[in-house]
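Trainee: The following feature annotations were taken from TrEMBL:
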type	residues	note
DOMAIN	6-73	domain 'CDCP1 first CUB'
DOMAIN	82-185	domain 'CDCP1 second and fifth CUB'
DOMAIN	191-294	domain 'CDCP1 third and sixth CUB'
DOMAIN	318-406	domain 'CDCP1 fourth CUB'
DOMAIN	411-503	domain 'CDCP1 second and fifth CUB'
DOMAIN	517-630	domain 'CDCP1 third and sixth CUB'
TRANSMEM	640-663	transmembrane segment
REGION	736-814	region 'Disordered'
COMPBIAS	751-760	compositional bias 'Basic and acidic residues'
COMPBIAS	804-814	compositional bias 'Basic and acidic residues'
Amino acid sequence: FPLASFTISLHTVDSIIVTIKQRHGVSPSCFIHVKYSTRTELKIKPGDNVTFTFTCNTPEKYFIMEIQKNIDCVSGRCPFGDVNLYPPGLPRLNRTFIWDVKASTKAGLELKFSTPWLRQIEPGEMCPDFISYNINSCIDKATVNIGTFCRNGSVSRVKLLGGVIMSLHLPWDSPLTTSGFNIANRASIKRLCIIESILKGESSITLMSPNYPLGFPEDELMTWQFVVPSNMRASVFFHNYSLSNCERKEERVEYYLPGSLSNPEVFKLSDSQPANIAGSFNLSLQGCDQDAQNPGILRLLFQVVVQHPQIDENVTHLVDLSKEWNMTVTIHFEGWPSRVPLMSEPICLICKDPRTCDRVLTLVSGAVYKISFVCKDLSRLRITAEKGISCIDLRWCQRKIYSLVVPKAVTQLPIQLHKFIWKLLASDLINIEITSPSLKLQQHVPEQRCNRSYSYSIVSATPETELNVGIFCPGGSIEKIQMRNNVTISLKTFGKGFLNESNHQDLKMSFVPHIKDECIFTVSPNPKSKVYLQTPNWLYGLPPYVSISWYVIMPSKQVARLGFSKDRMGIACETGRAYVNIKEETLGAEETVRREDELLPDPRNMYHNFWVNISNCKPVDRKQLSLQFWVTFADKQIDLGVILAVVAGAGILVAIGLTVCCVKKKKKKSQNPIVGVYNANVNTEMPRKQGLFTKGRKNNESHVYAVIDDAMVYGHLLKESNGSVAPEVDVYRPFDGPMGSLPPSPPPLSFRKDIKRSSNTEEPLPLTDTDHDAYTFAHQKSGKSEDNGGAAEKNNGDTSKSLLENKEQDGPVE
């Protein structure tokens, strides 16, 4: 195909220079052919007439073009009116038109843009159609970048002090045939520039200070003029700013607001800026004299939002925090503070008064507020509140109970509560107790998820470690949680149901003396429920050397079934040992202890209130200890031995009753009572059936009960790594330690490392060697509180004596 030929003819009076040059970073595989020469760059000056071709069919891939026009508005006539794209017939290349206009600082220039006006963008940002304008102000020899703009915006005019360099960047395939602006006028403005922005309807615009982000010129002043319809409301938000180091004066912003009695109103850049402005207004930025050694940077990026006035913006809501202490309430947009709202998003404003509005408003305790909302959709707003409770001296705060409920001042607002945080701070040796007397708490676990409208996240923390106790919701079985360290409780809501459920909150807190474990749970389950409980810090495991206890209160007439969700702890210890301790709270109860290298206990029945203690070591690898266990309940079964004993006892009582009746009848028949003489050599014991024990209780050992180890009955189920457990039978030695409020103590760290056991099994060492009560079973079931054999023997002896006395008086008994 023949290559296209181009001719560019420039008049001398036009003061235009056309330069075609290679694109940066592109290899020279295409060239410009002029007459008999080939070149990579072509420069056409005023008065030249040049014809040229390209040696390729796609020159836009290899070349760009600049068209620079110099305009003198100082010594010559200033060409007011539209600025044209000249010369015509240019090749289709990416091109930049540059107008360098010289003007006096006493006169200045005004550039007026045709619709759809301009929109300022940040440096590096691209326009959707790749058409962009760049405006630079020239004062003497200094050049200030006013900004870069795209089409379709609100900037309608720019007034500049001194000259201007205006650039228009067009892509090679752009159909644009006009520059889109004109030189409108010359006027002395006595400041760096004035930017006019016309806002129609609901809209949002972003503007930046000149030279952004490099820094506003020293001791300069500039102004933005905003034209706002009288029936609309405008609000200003500073999103990014920095301050220079001032030697004299002060950096500030000044507003001329409609209806204000104190114009100009002066604000610091750190202040909340005016909002809900009815009508047009001006905003000016004033710099200062900077420190020559360390000038710093003054820059500003801000947003102006225009919206219709809201129907309920005059409705005020009373927030009474006068009786609260150490509390803050923050009303904010959804996603705050992690998410920054887009500039184009509809805005929601929270106002303390008609002019003091912001997207985020923080209220503090001890005051009363009247707030209003300028927002179409209040569901996009959220409330986050925080309250601190502390205790330094236990004598002053031990008996006080604090109610952890969301105040009415917060729940009555038409805004959804996102989170309410209680920070509970205590000094050393003072711990924190959380209770839920009526609702009780349910631990959120995979097998038993919370489905309420709110939940509590509880974290216990020290400067060194943080223990995530877990997530809890009302309606469970946990009555009390005791923790050693400072505690943070975060109530988080889900949906709108919290407004109804908030009336039934019953979480309470008190300060208590020092506890031994890191955390103690008191659990009082419903007899019909299956309760799942798991160690804190579930995802990451218990920290090293941390001990956690659960105290489970048995429902009346119930037997508990306790089991673990896995068969081993799943860790190896570098130092110390990890233990699981299980102990029933009854006199003489055995304590079950398992180490990290042993199998966890199989599911077992518990007949009394019991403790579960889990203590961690320092594991070898990063994997920490995480355990879960469950508790179910069933009705207690009546023991067959108890039934037989009751029946036997009833039979003996019936026999005694019949004997007494017979004796009384015979006494009535006898007129002369016979006097009996006691003979010690005569066998006075009535013949009776031979008992279970051939010896008397004084001569045999029937009163010493053998304790059969679990391994004897369940030996086929308990498997260790080295074989089955050999059952042992021994005389039971009851527990001699404290009972009631304290959990079972794990072995001390120095003792945990070396616990020697037999080759077939490893049993915990006995807690005491003292035998206080030889008449107590290790696991005493309901209905077996007394030895039936002993009772029967005692009763038989008494009956024999009575019968003997009657026999000596009246003769043989029939």
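Positions of Cβ are set from backbone N, Cα and C atoms, glycine also.
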Trainee: Reported in the order helix, strand, coil, what are the DSSP residue counts of the domain 'CDCP1 second and fifth CUB' (411-503)?
Mentor: 7 helix, 53 strand, 33 coil
Trainee: Could you give me three numbers for the domain 'CDCP1 fourth CUB' (318-406), the DSSP helix, strand and coil residue counts?
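Mentor: The composition, in the requested order, is 7 helix, 39 strand, 43 coil.
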Trainee: What are the DSSP helix, strand and coil residue counts for the domain 'CDCP1 third and sixth CUB' (191-294)?
Mentor: 0 helix, 52 strand, 52 coil
Trainee: Would you report the average pLDDT that the model assigns to the domain 'CDCP1 second and fifth CUB' (411-503)?
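Mentor: Across the residues of the domain 'CDCP1 second and fifth CUB' (411-503) the model's pLDDT averages 90 on the 0 to 100 scale.
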Trainee: So how many of the residues in the domain 'CDCP1 first CUB' (6-73) end up helix, strand or coil by DSSP?
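Mentor: Tallied per class, the domain 'CDCP1 first CUB' (6-73) gives 6 helix, 36 strand, 26 coil.
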